[in-house]
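S.K.: There's a structure below that I have some questions on.
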């Protein structure tokens, strides 16, 4: 039986899909059969036909082993997209698919839509949120954040919210990291001091994102034994 990790973020457009792609290439390089599953996808790609995240995984970085479950054209929050398209989102079906992939793959990377407080379903008595799905089915998470100005607040508040919800956090990934920026470097150092969580990776901005550049990034990262060991430790405590 494989393991599942939920990839969430401090907000939208912070690079969860990039981080998920990086992890997929890294785990594959480590010899692990890896599946990407983004159960809820909203909004179309620039071609106006494909769904944006699926297009990224399949066409941009060449990760054919990616899959979704609910595809809705409106580029809005899942609960609103479901209302606009008359779609019924079933959390149990999402988990059923995760368990199915765990039986076939070593690692299942589940990419969420937005952050932890994103509503998935609107009910008469309130909202069913992303954090409800994660908590109810006990899926550990990795939190993705941008590395620049605002990273400290966004990361600390997201971690605090996750901990209040009883969600297990495996570590953090920071996107668009510039090692020459005093702000970026200090943000990471400060967050490490404030939070007792491992920083799994600091990913730079890539001039061009392709399968080759993403694979090269993962390979370079794994050349560092400490970084490779950290990924192995993350896997050891995932379920």
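Cβ from N, Cα, C; glycine included.
Feature table excerpt (Swiss-Prot):
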{"type": "ACT_SITE", "residues": "38", "note": "active site"}
{"type": "BINDING", "residues": "13-18, 111-114, 175-176, 204-206", "note": "ATP binding site"}
{"type": "BINDING", "residues": "17, 59, 111", "note": "Mg(2+) binding site"}
{"type": "BINDING", "residues": "42", "note": "substrate binding site"}
S.K.: Fewest other Cβ atoms within 10 Å: which of the binding-site residues 15, 204 wins that one? Let me know.
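M.R.: Comparing Cβ neighbours within 10 Å for the binding-site residues 15, 204, 204 has the fewest.
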S.K.: If you measure C-alpha to C-alpha, which of 111, 113, 175 (binding-site residues) come within 10 angstroms of the residue listed as 'active site'?
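M.R.: Those close enough are 111, 113.
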S.K.: What whole-number Å value do you get for the CA-CA distance of residue 113 (ATP binding site) and residue 42 (substrate binding site)?
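M.R.: So the alpha carbons of residue 113 (ATP binding site) and residue 42 (substrate binding site) sit roughly 8 Å from each other.
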S.K.: In which DSSP state, out of helix, strand and coil, do we find residue 17 (ATP binding site)?
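M.R.: Assignment for residue 17 (ATP binding site) reads helix.
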S.K.: Among all protein chains shown, how many Cβ atoms are found within 10 Å of the Cβ of residue 42 (substrate binding site), not counting that one?
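M.R.: Taking all protein chains shown, residue 42 (substrate binding site) has 23 Cβ neighbours within 10 Å.
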S.K.: Return the count of C-beta atoms lying within 10 angstroms of the C-beta of residue 17 (ATP binding site), excluding that atom itself.
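M.R.: Neighbour count, Cβ to Cβ under the 10 Å cut-off: 23.
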S.K.: Relative to the Cβ of residue 175 (ATP binding site), which residues of the same chain, six or more apart in sequence, are found under 8 Å away?
M.R.: 14, 15, 18, 19, 144, 145, 146, 147, 203
